[in-house]
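Heads up: the structure comes next, in structure tokens.
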Amino acid sequence: MKERAAERMVEERYTQWKSLVPVLYDWLANHNLVWPSLSCRWGPQIEQATYKNRQRLYLSEQTDGSVPNTLVIANVEVVKARVAAAEHIAQFNEESRSPFVKKSKTIIHPGEVNRIRELPQNSNIVATHTDSPDVLIWDVESQPNRQPVLGATPSRPDLILTGHQDNAEFALAMCPTEPFVLSGGKDKSVVLWSIHDHISSLAADHGAHKSPGSKGNLSNGKAGDGTTVEARGIFQGHGDTVEDVQFNPSSAQEFCSVGDDSCLILWDARTGSSPVVKVENAHNADLHCVDWNPNDVNLILTGSADNTVHMYDRRNLTSGGVGAPVHIFEGHSAAVLCVQWSPAKASVFGSAAEDGILNIWDHAKIGKAGNDVGSGDSSYPPGLFFKHAGHRDKVVDFHWNAADPWTIVSVSEDGEKTGGGGTLQIWRMIDLIYRPEEEVIAELDKFKSHLLTCSTSSSS
């Protein structure tokens, strides 16, 4: 009975959301996936046109074993702001594929793709986590396009990063300043690699023959035998599985990690392999995700199975004690799976959870009268200003688009409800929601005077 009531509530929420799409969104593309995806990431922008831009999108496909698991490279048409008609974005069928999303290449992955991360210095290079101790590095340009048929041998990664003693399945990050990779796993350790020696050959010579023994040893886009990279550092300090890791946006030597031991740990590779600061009881449950603010390096977000997001100021962390978060964001009714700061505005971030909601927050609005969604309504917590309710089951991943900063891609496991493998949505809220209030009022006033002029002329 409880389950049926919960399902009915989700359907009602979704129906209400769908009716509001023309009002709340500037653009939305709904794409029914063939197989579930656990990760979605924006790649480089590849073409600009008058009304839309073409951009690469990285996705995973978790199959049932009838065909191999794959890493998918898709090309997406991202419609520019204020171009799509409201009635057009509201008309989509949950069970159909979006014409804006087209698969361009398939890499047969050795095992499930749990996490994808692109290298900021060259976003054609991606790292993936699977159910193994290794991190796999792929050059998506030179990798051949493969047909995922039963029995097909897996594609060969360009590099294999070794160092974990047990499976490392989710915690994965790429450094914004240097080609460094960070990972965490079931062995309770955080592992750091530099792929500097190999990245020059990966980036410089797509698919060209190289002499044996050359760095990277690429031949026709496939890895040779000598392409494992050993760890630069292994960091011990967690008491349980490391669930997520993140670099300090301005330093390749500083990073943080969270895990099932409820700890947030800050590290500095220059000071050794022990924690610099260890915040115990950072939440009241397992920590699933962490992100470090690229525009304000003092702020760190953590998301947890206790349904909350905590914002920490690294200048006020207590080592060994209970960390005092600057703010606790309580807007989810289930475990938070993913948090990410917006590239567009330093105080804005998103959080996605098992409740099927992707919340957008602005911590700068906390405490300011009338600035929260539904002010005075206790169901809307401080700082929350947008709820994306387009998914009908847990939102497993999302990613802000750096090339089009208010555009988000999100993916959910709602295959049972859509007759497919889950839902991929690419969406952008209407800019009247986040632009400065005085700007919006001025624009609406103009619109109002335009309407009055129209009605006067039509009645005369």
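Every residue gets a Cβ built from N, Cα and C, even glycine.
According to TrEMBL, the feature domain 'Histone-binding protein RBBP4-like N-terminal' maps to 12-79.
Among the features that TrEMBL reports, region 'Disordered' is placed at 205-228.
According to TrEMBL, the feature repeat 'WD' maps to 235-277 (among others). Under 8 Å from some Cβ of the repeat 'WD' (235-277) lie the Cβ atoms of residues 168, 170-178, 180, 182-186, 188-192, 283-294, 297, 300, 302, 304, 312, 314, 317, 319, 323, all in the same chain and six or more residues away from its ends.
Among the features that TrEMBL reports, repeat 'WD' is placed at 280-313 (among others). Taking the repeat 'WD' (280-313) as a whole, pLDDT averages 96 in the prediction.
The helix, strand and coil residue counts that DSSP assigns across the repeat 'WD' (329-362) are 0 helix, 18 strand, 16 coil. Annotation source TrEMBL lists repeat 'WD' at 329-362 (among others).
Helix, strand and coil residue tallies for the repeat 'WD' (235-277), in that order: 3 helix, 20 strand, 20 coil [DSSP].
Proximity of distant same-chain residues to the repeat 'WD' (329-362), defined by a Cβ-Cβ separation under 8 Å and at least 6 residues beyond the stretch ends, is recorded for 10, 285, 288-296, 299, 301-311, 371, 380-381, 383-389, 391-400, 402, 405-406, 408, 410, 412, 414, 429, 434.
Through the fold, the repeat 'WD' (280-313) approaches residues 176, 240, 243-250, 256-260, 262-264, 320-323, 325-341, 343, 345-346, 349, 351, 353, 361, 363 of its own chain, all at least 6 residues removed from its boundaries and within a Cβ separation under 8 Å.
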